[in-house]
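Take a look at the structure below.
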């Protein structure tokens, strides 16, 4: 019996030490955790949620804009709120970020949080939480957002060059995502966020009138859809017009975006390429449950990929700062 007891004791100690090691790895590897503000600012998440709800209820297009802002923040300098800084030559001024909107939501939430818990909640965390809440308000499933990020002290327009572009091939997209620790499934899943997105015509008009110098439209687009897009984006005059990336379901977070790719109705060249390339097409098919593929639940997988993305290059501990105002360094 003593031998059995000693064995059990050894196993318990081993399991405890293993758990301790895993916990240490998690803290040092990411530095964020669910419920980070549970003691220091218990109402942090509810304040952000109610703020986002108020703004999105007034303007449903803001949901996609906040989601896009979080993506752009994470892909440059990590998820540190650097996209929020105002001033000359900051990330906000880069061409790829000129169309970003919704900064007032983050500022509004920050003002309320500073009144409730001064100097506690970072702008980077507010943006991460707001992105989740925007998806939920659009009909998507919720997920737990690890918090504890600190705000970065650098914001340079010159660092924005690594953002995915609307004409990127699948190979280029995969390279850019892999550089951030994201795999091919994450790529397809996160781009699926375009289900509530829009784009200015200037980012895809090359597909409509003179694709690759052919004086014709991109043959990858369904001909009837070409006519629709040409009407929405008149040649030489409609560059700033906005078009939904998920036709017929612009404000609903669902899988119809993937159905549009299957039907050759992807607006951006980079989006339609996900259906045309075998390495990404298989994931699109799985989200649609096609041809016997093991199905994936888009809403569930989106939350998982968002957690991965939101931990890119986070600043924790004594790194960075907790800004008093999200648009300016302390």
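Every residue, even glycine, has its Cβ placed from backbone N, Cα and C.
Annotated in Swiss-Prot:
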- 41-117: disulfide bond (DISULFID)
- 68: site 'Transition state stabilizer' (SITE)
- 73, 76, 78, 80, 82: Ca(2+) 1 binding site (BINDING)
- 74-79: disulfide bond (DISULFID)
- 123-326: disulfide bond (DISULFID)
- 164: substrate binding site (BINDING)
- 194: heme b binding site (BINDING)
- 195, 246, 249, 254: Ca(2+) 2 binding site (BINDING)
- 201-233: disulfide bond (DISULFID)
- 212: N-linked glycosylation site (CARBOHYD)
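Shown are the recorded positions 74, 76, 117, 123, 326; of these, the residue with the fewest other Cβ atoms within 10 Å is 117. Ranked by Cβ neighbours within 10 A across all protein chains shown, the disulfide-bonded residues 79, 233 are led by 79. Look at residue 68 (site 'Transition state stabilizer'): DSSP puts it in a helix.
Using Cα positions, the member of the binding-site residues 73, 82, 254 nearest to residue 326 (disulfide bond) is identified as 82. In the three-state DSSP scheme, residue 246 (Ca(2+) 2 binding site) is classed as coil.
A separation of roughly 18 Å, to the nearest angstrom, links the Cα atoms of residue 249 (Ca(2+) 2 binding site) and residue 201 (disulfide bond). The closest partner of residue 82 (Ca(2+) 1 binding site) among the recorded positions, by CA position, is 74; the full candidate set was 41, 74, 246, 254. Over all protein chains present, the Cβ of the residue listed as 'substrate binding site' has 20 other Cβ atoms lying within 10 Å. Distances between the Cα of the residue listed as 'substrate binding site' and those of the recorded positions 68, 80, 117, 254 are shortest for 68.
Most other Cβ atoms within 10 A: among the disulfide-bonded residues 41, 201, that distinction falls to 201.
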